[in-house]
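Taken straight from Swiss-Prot:
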type	residues	note
SIGNAL	1-21	signal peptide
DISULFID	CYS30-CYS51	disulfide bond
DOMAIN	30-131	domain 'CUB'
DISULFID	CYS74-CYS95	disulfide bond
CARBOHYD	ASN119	N-linked glycosylation site
Amino acid sequence: MKLGTAIPWALLLSTATLVSTARINGPDECGRVIKDTSGSISNTDRQKNLCTWTILMKPDQKVRMAIPYLNLACGKEYVEVFDGLLSGPSYGKLCAGAAIVFLSTANTMTIKYNRISGNSSSPFLIYFYGSSPGSEY
């Protein structure tokens, strides 16, 4: 395994260990501003077509986010990740992939889930944690 592919997998495994403290669940969590230093987000409220979560770390931290596996119905639903708020730059709309990792440029990252009405929702799980300055991973 090349070093370039080993790093995302190592990050995913270490993230899964770190996030046991704060799991975001329940339909009332959609639209929440999350200030936990680590946790996970999943689409537990499958009735909503559109949902956003904003992760806010301490001012001196960046947000590290990892999606171990994503298998949404492409063309019918997607997850979009923003560096900062919804008005910030988008990393793109994602519907499938594995070992997907993002690092914010500041202390905020926003996740948007969007689904075309009338289509069923696919499950997903996203891990996040705060990264201090100077740490590579």
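Including glycine, each Cβ sits where the backbone N, Cα and C put it.
Figure note: comparing Cβ neighbours within 10 Å for the disulfide-bonded residues CYS30, CYS51, CYS74, CYS95, the maximum is reached by CYS51. Secondary structure at CYS51 (disulfide bond), as computed by DSSP, is strand. A separation of roughly 15 Å, to the nearest angstrom, links the Cα atoms of CYS51 (disulfide bond) and ASN119 (N-linked glycosylation site). Across the domain 'CUB' (30-131), the model assigns an average pLDDT of 92. Residue counts of the domain 'CUB' (30-131) by helix, strand and coil are 0 helix, 59 strand, 43 coil (DSSP-based).
Cα of CYS30 (disulfide bond) to Cα of CYS74 (disulfide bond): a span of 22 Å.
For the residue listed as 'N-linked glycosylation site', the same-chain residues that are 6 or more apart in sequence and have a Cβ closer than 8 Å to its Cβ are ALA73, LYS76, GLU77.
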